[in-house]
Structures are given as C-alpha cells and as structure tokens.
C-alpha cells in the first residue's frame, strides 16, 4: 500500500517497483539481529545475576540454551543471500564488460531477474508456513494459564512499547539505511 502511494505521488519511481519491500525485508533482518544481540545480553544477565544462587557455578552452555537460535538463521540467511546476489550481479556486469556501478536500471533488473523469479515461486510457500506458524502457536497455547498469570497486562505493555517505541526505531533505521537508495537506481 505504501509503495502504491509513493508511486502514485512520484510516477518517476515506477522503475523501482518492489524496492520498498526489499528495504522493509532488509530492515526487518537488521532489527531481528538487533533483538538477538539484546536477547544474548539478557540471557547472560539472567543466568549470571538474576537466577544464579549463591555459590552456584553457572555453565556457559546455559547461555546457549537460552539464546534464540532464529537470530543465527536470520544472520546466515542475510549473509548468504547478499553474497549470492552480489556475485550474480557482478558476474552479469562482467559478462557485459562493465562495472556494477555502470549498469543501467534495465541491466540491473535483468541481473536480478533470477532472484525475483525465485522469490515469486517461494511466495506461496511463505504464506503457507506463515499461516502454519500462527496456527501452531494457537494450538499449543493454553490461554487460561496466561490469563491466570496476568499476562494480559504484559500484552498491553508490549502493545504500548510496540507503537510507542519499536515502530519508531524501525522507521529511524529504515530512514538511515534507505532514504536515498532510490537515487542509486534512477540514473
């Protein structure tokens, strides 16, 4: 929807259709890695200072058990996809006898076309797995226990933090990384 509004106000950006999604995905990966760093810090603090009993020796593997492993997946996925994309675009530019910075928008799109095709093929699987994820969470959740523990207030705090803090950080990160990206592609 945002992309449609931007393209409606700025028709000259039409060649960049899809860049907002790419920027959003990259920002999401950065934010998830940032969350992973804080999750690691919290795991260390929790293991060594909050749950540690006097005289008890804490094993370092306990931090590994508490660390959210999905962060490693995000990081590796980001690095692998960035490397593959860069290698493919560099190879395409080399086959034309030019540097990547000399590629026109059409040539850049042609170099990126195999990745766009792969993403289009994976979109149906992405939707299915996304639905299965939330279905699974709903199936295994015992909401009566959550209600009894008073986690409704925690959900309210999360909601307030999300809209009062987290979204603004995401917007700031997006702006810092992507505010002039369209200028790179509109030659």
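A Cβ is built for glycine as well, from the same backbone N, Cα and C atoms used for every other residue.
Residues annotated as transmembrane segment in Swiss-Prot: 29-50 (among others). Counting only same-chain residues 6+ beyond the ends of the transmembrane segment (29-50), those with a CB under 8 A from a CB of the stretch are 58, 62-63, 66-68, 70-72, 74-75, 77-78, 169-170, 173, 177.
Counting residues 6+ beyond its ends, the transmembrane segment (70-92) has Cβ neighbours under 8 Å at 26, 29, 32-33, 35-36, 39, 100, 103, 107-108, 110-112, 114-115 in the same chain. According to Swiss-Prot, the feature transmembrane segment maps to 70-92 (among others).
If you look up Swiss-Prot, you'll see 128-147 (among others) marked as transmembrane segment. Residues of the same chain lying 6 or more positions beyond the ends of the transmembrane segment (128-147) include none with a Cβ under 8 Å from any Cβ of it.
Under 8 Å from some Cβ of the transmembrane segment (154-176) lie the Cβ atoms of residues 23-24, 27, 30-31, all in the same chain and six or more residues away from its ends. Here Swiss-Prot flags 154-176 (among others) as transmembrane segment.
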